[in-house]
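What TrEMBL records for 20-200 is domain 'UmuC'. According to TrEMBL, the feature Mg(2+) binding site maps to Asp24, Asp118. Look at TrEMBL and you will find Phe29 tagged as site 'Substrate discrimination'. Among the features that TrEMBL reports, active site is placed at Glu119. The region 'Disordered' annotation in TrEMBL covers 385-421.
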Amino acid sequence: MGMGASADRTADGPEEIPGILHLDMDAFFASIEVRDDPSLRGLPVVVGGAGARGVVAAASYPARARGIRSAMPMASARRLAPDLVIVPPRIAHYREVSSQVMGILGDVVADIEQISVDEAFLDVRGARRLFGEPVEIADLLRRRIREELALPSSVGGSVSRAVAKIASARAKPDGMLIVPADRTAEFLAPLPVGAISGVGPKAQAALERLGVRTIGQLREVPTSTLARALGPRTPEILALADGSDRTGLGHRTKDRSLGTERTWDEDLTDPAEVRRRITMMADEVSRQLRRSGFVSRTVVLKLRAPDGTTLSRSSTFDQPTASGERLREHVVALWERERPTMRRVRLAGVRATQLEPAAGVSLQSELSARPAGWTDLEAAMDRARDRFGSASLSRGSTLEPGRAEAPPTESPAPGESSAGR
Ligand code: DCP
Ligand code: MG
C-alpha cells in the first residue's frame, strides 16, 4: 500500500501512533459461501433472496467488477451478470463466523468495539509492547483470520477513528492501509467531502455550491463561510476533515465492559462441564482486564438455554479487581445458584463491567509496588502466555484428565470477545 507505518512525531513532542484500527471483513456473507463451496471461487456470487423482490445482501468481488452492489434488486444484478450465482442467506451461520472473527480480535487486543456483524474498531495503543507497531498488529489479525477462518479481511489504521474507517475501505479487498500520524492531512486531502461521516447529500450539495468537492478544498474555506453552509456541526466536521478528531473507542469507562461468550454446537448437559467452561472464561476475562489496565466492580454471567431463554446474573466484588481467582469464585457461585433450573446450556458468557483504570484503584498498589487487584503469579502467567501463546499455560482446574485441548465440538476460534460500551 502507498503509505508506510514509520514512527511519527508531532510538532510538540509526544509521539503519536496510528493506534486506532478498523477491521472489516471483505464481502462478508459472500466470502463465507465461497469458502464453504470452493467451486464458487472467482464467480460472480451474491447472497440474497432469489425471488422476484429479492435484494442483494452481499456481493463477491468478481460480482462487484460487474457493477453489482449490496442493496441492489436481484433482478438488476441478474441483468448485469447472466451467469450470477445466487446463494440464499444462512444468517445463523454468518453470526457464528462473526463471533469467531471477534474471538480472534479479542485474543490479540483487549480494547475492541464491535460495530456491526463484520467490523470492529480496535485500540491497539496498549498492545504495542506485546505485539509491536499497529501495522504489525493489523498484519497479525489479518493473517490469523486468513489462517484460522480462511476468510479475507481489510484493516485501516490512523490516529483517528473516522480516518481508520476510511482507510480500511480504501484498503479493500484483502489489504491494509495504516496512515502515519503526520500524513493524515495528506491522506484526506484528495478524498470527496462525502467520505466524512455526517456529510450527507444535502451538505455535499451546499459545499458544491461553494466549489468544494474534496476534503482538501474544504480546509481552504474560511470557517465563517463554512458555518453558513453547514450549520452548527461545522466544528465537528472540520475536526474530521483535518484528522484532528480523537474520539476513542468508548468515552466513559464506567459504561464500559469487557467479556467473552461462546455458543456450543451441542448443548452442555453436564454441570461440571459448564463450570469448567465458565471458569476458563473468567480466566480469559481477567487476563484481558490486566492487559488493558482495568479493574472491574461487577462480573456478569450470561446463560442461554436451547429454547433461547437467556438470563444474566451479576455479582459485585468487595473491591474492584482484575484477579482471575476473584472472577472465578464469583461466576462459579452464580452458576451454582442457577444450575438446579438450568438443565441444558447452549451459550455462556462472562463479562466484567463497571471498569475503572487499575492505577486509580487504591493506595495499596503504591504501598506494595505492584498492580492492585491481581497477584504476582497471575501477572507472571500473563507474561508467559503473551510470549508463548495461550496454549502454553493452563490452570490445573480448567483441564480435564488427559485432555489439554478444547473439546472438538468447539470451533477453532470460538466465541465472541469484545470490549465496548
Ligand atoms: N449486509 C446486508 N445488507 C446490506 C449491507 C450489508 O445484509 N445492505 C450484510 C452482508 C454483508 C455484511 O452485512 O456481507 C457486511 O456488510 P459490509 O457493508 O461490510 O459489506 P461486505 O462485507 O459484504 O463488503 P465489503 O468488502 O465492502 O466490506
Ligand atoms: Mg465488510
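We number each residue from 1, going along the chain as drawn.
Note that Cβ sites are derived from N, Cα and C of the backbone, with glycine treated the same way.
On the structure: features taken from TrEMBL.
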{"residue": "Asp24", "record": "Mg(2+) binding site", "Cβ neighbours (10 Å)": "19"}
{"residue": "Phe29", "record": "site 'Substrate discrimination'", "Cβ neighbours (10 Å)": "27"}
{"residue": "Asp118", "record": "Mg(2+) binding site", "Cβ neighbours (10 Å)": "23"}
{"residue": "Glu119", "record": "active site", "Cβ neighbours (10 Å)": "19"}
Check your understanding: Do you know offhand how many angstrom separate Asp24 (Mg(2+) binding site) and Glu119 (active site) by C-alpha?
Key -> 4
Review point. Any idea what the Cα distance is from Phe29 (site 'Substrate discrimination') over to the residue listed as 'active site', rounded to a whole Å?
Key: 13
